[in-house]
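Here's what TrEMBL has on this protein:
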ACT_SITE  C1009  active site, glycyl thioester intermediate
DOMAIN    716-1041  domain 'HECT'
REPEAT    1-54  repeat 'RCC1'
REPEAT    55-109  repeat 'RCC1'
REPEAT    110-162  repeat 'RCC1'
REPEAT    163-215  repeat 'RCC1'
REPEAT    216-270  repeat 'RCC1'
REPEAT    271-321  repeat 'RCC1'
Amino acid sequence: MSYCWGAGACGQLGLGEAAAGGPVRCRRGPEPGGGWTLLEAACGERHTLLLRPDGTVCSCGANARGQLGRKLRPGQRGGYTPEQIQALEAQIIVHVSCGKEHSLAVCNRGKVFSWGAGSEGQLGTGEFKEQSLIPKKIDGLSTLRIIQVTCGHFHSVALAQDGRVFSWGQNTHGQLGLGQEIPSQPSPQHVTSLSGIPVAQVAAGGGHTFALSLSGVVYGWGRNNARQLGLSHANTREQVFKPYAVAALTTIGVVYISCGDEHTAVLTQDGSVFTFGDDSAGQLGHRSSTQMPGPQKVEWLDGPVSHLACGSYHTLVYMSTPGQVISFGRGPQRHIENGTANNPGEQTQNFDISSLVSANDLSGVQVKMIFAGTYVNFVSTLQSQDLEHARGISPADTLQKISRLDRTLIDKWMAVTVGTDESQEAKREIAVIFSSPACLSASFLKPSSALEANCIGVDLQKARDVFDELTKNEWIVNQINYYLMADLIPGLPLRSPHREALSIFLLLPECSVMYKEQNLEPFVMRLAQAINSMSDRSSNILEKCWMSLSASFLDTVVQMFKKAVVSQLPFYATPRCRDTKPLLEVLEKLYRANRKANYTLQLSNFYIDEISGTFILPTDVGRWRSWQATANSCHEDDVPVIFCRFPFVFNLLSKTQVFHFDSIFMQEGAKVEAQVILKQNELLRKGELPEFPVFPLQVKRSNLVEDTLRKLSLVEDSVLKKQLLVQFEGELRGLDAGGVTLEFFLYLFEEMVNPQYGMFVYCDPASPMWFPTSPSVEKKKYFLFGILCGLSLFNRIIAFIPFPLAIFKKLLDKKPSLEDLKELSPVVGKSLQAVLDYEYDDIEENLQIHYCVSWDNKEVDLIPDGSSIAVNNKNKKDFVNKYVDYVFNKSVEVIYEEFKRGFYKVLDREILRFFQPQELMEVAIGNANYDWNKFEKNAVYWGMYTPSHPTIKMFWKVFHELTLAQKKGFLLFLTGSDRIPVMGMDCIKIKFNPHMTMSEDHIPEAQTCYHILILPQYSTTEKLREKLLLAIENNRGFGKN
């Protein structure tokens, strides 16, 4: 049974020419003894479509533009009684909508039919036709299954089952959502700004449009002259040309939207109603003389609202608990029909539906749905047998939804037998969902309550589990593979400004088919190309989404792209290697997101270990240097993949190898250049010699430091990047395989870092060294010391310089922290930590600290007049930060800059940035991660010596009984350093060499450059221990090698 009321002069109520001042039963239908059972009513300005449960559509009202879809009898001005539209009788219609003077209908196969006024293109037939009297299928939507349509005055919008939204008709106010420069459209156009968004509903007003996502996000566009889009007060645009997320509605749980001519009402999950836009007829229901901007709750509604509908100038709501339908606004407009006005203040029409008929007729009757038009309203009711079924149903529940995965569908697919009709249907369902970013995202949406604290709107764990389940079935895997590659990845939303549209980029890495070896190229590489093609805005949003991921899910994304990179390594030397670049570029974006998220993942998660120790690294260094030399003149597409441009994929071994290859190439390059010049001069019979291709440094052992600094100050900059060859005056020249140079740095640095030399200060004997605030040596020495540090690194020498980690942070432009001060001065560092940890309010009285500190025997104000400014709970963090800044920066600025200038005279700043501070520290000075068992395991034996030889067995027994200091002393004796290289103990292979002419009265000898131990044969363990300790105690002095 149905009821209607309102204006009826054109027959739009189906009651003849009569109006209805209150709800009356709709006129009986054409079937004998029947009454109207209404499924939907759609109302234009002066016409109505009535949809019945059997799929037939009747129309009534004005027909000046053919909007009734049927011919009238001669002499009729309108259709005063509802009659079926014959042109649609072969269709089962499931949904109808009306514009001002045009109509749309959707059949059960998802096809759309249009008729009526078409001068603005609102019929979607491909032409601007004045009118169409007979319903015609919209060919532009024929390949789609449409589940919803909605009409504005002169435009139309459709939602497809695959989640895509289409619009057509007038675009004067941007109501099509296609952009500012787009004219009115006579055929359906894809609203690409909504791509990827799981849309739940589309709604249109006079000249404005809304889309509601399944997550509850409301997007509005079109006319905004009366603020009918609900935008913030600061956004005063009268027209919005593309979908815009309405921030004020994001967190209130919107489940349904209805639009009037220039106003909008939304229904929330808890039954509240919010309205916004034009209130000239009281259609917002705010009952206030001052209209507040933006969406406002209709506070006076007493109870949760079940249903909501907007007419052009009024709003209709139904509250199921009291059984009341309430309208506010211009209402039924009796004064317009009769030419007389009612009481202007009487804007609310409140009636109890049970008072319309006798108790016997409406016993147990409850409203099913409400519909509103320009000046008309329709209500459908439920009989008593339907009450239980209808309880809790809202207008949102009656809307068809886009396709998505659920438990029922999954179980159905898993149970299907291949080759049956059911399997064909399942394949069609898979095709829709796995071709559509919106449908796949809709399948894993989190509850709206979980969205506020986390920007990730999809349940990634659920997705992971479902994908794992589905991919156990081979035929399902094949279907998923096909549609991911053919449709979904090519159709990814690359320019969406909306966060929830980009959820698909988080879901895809959870699909296990992406990791199969055969899918890495077609899937992961194409995904990488898509991500790199995103607009800057979309890319930034995706980066923020990655930042919000937990470690487990972020690592899944990283490992997927890493695996694809590894699959391309065999093609590094071929043109195909260029395909690796997009993958590395995406990894770079992920690395940046991880850094901004304060390192959710450890840096090692990004390392591609397979690169280490391969031919790739030396080749890559060459490519990198060549690219740097020609970067301005070559096109990026012509540049091969260069891993050095993405150094975050290098583990520490790879970084060290790259650094060493680079320095070797420079050193060897100088030699090759000299040879070429020499050959050229010989051919030209010139007597000129090329520049010396190495850096010879001859120094006095007796005055090592001062002589070195004096000669270093005379060297040209270009010489510093050549191989350093050290010779001591008065000593025989010989082949230096690195031993002399190593010991040169060992003793040089040992003297220069000694507190008595005066260049550096130590807070206590066990602490690292630091620059003094008032140096006792000339500034130039710090510059030269920086050069020496650079030279040792450049020549691959491990020399222990007791700097703290802070120096390497500063060299890499990273700020030292309180933790660094704890390393430099444990006493001061712990004191400052205690200040930060102090939680009581009496900090000023109890601690009595001021912005005046004592450092390096000086009293210093950290800020002007610091001695009179007390530290309290509000400023203690600032105090600690200023203290740390003073120690590491301000107090040593001049001499540190000199040191830094010298350091980078030798070394390339760019390649050092490959390293983290801790890594650079280990490369420069080694570490103390001793593994003596590995040291024994890696030993190499020559001649008669084997692991089972008596002398060898005695040696290892004695060695393992030594103290740590003695073992370090032996390492210094053997290698020239007691530090472990960054690559670990594997780099130190002791080689035992027997000496046939040496008796057991001789002590062992060592060739440091080759790590060779010349070990005589000893008869007893005691004898071996005696001679070995003697060698350790006398491990200083040049000439061991």
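Using the three backbone atoms N, Cα and C, a Cβ is placed for every residue, glycine included.
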The repeat 'RCC1' (55-109), counted residue by residue under DSSP: helix, strand, coil = 3 helix, 25 strand, 27 coil
Task = Determine how many residues of the repeat 'RCC1' (216-270) DSSP places in helix, in strand and in coil.
result = 3 helix, 25 strand, 27 coil
Query = What average pLDDT does the predicted model assign to the repeat 'RCC1' (55-109)?
reply = 92
Message = Using a 10 Å radius around its CB, how many other CB atoms surround C1009 (active site, glycyl thioester intermediate)?
response = 19
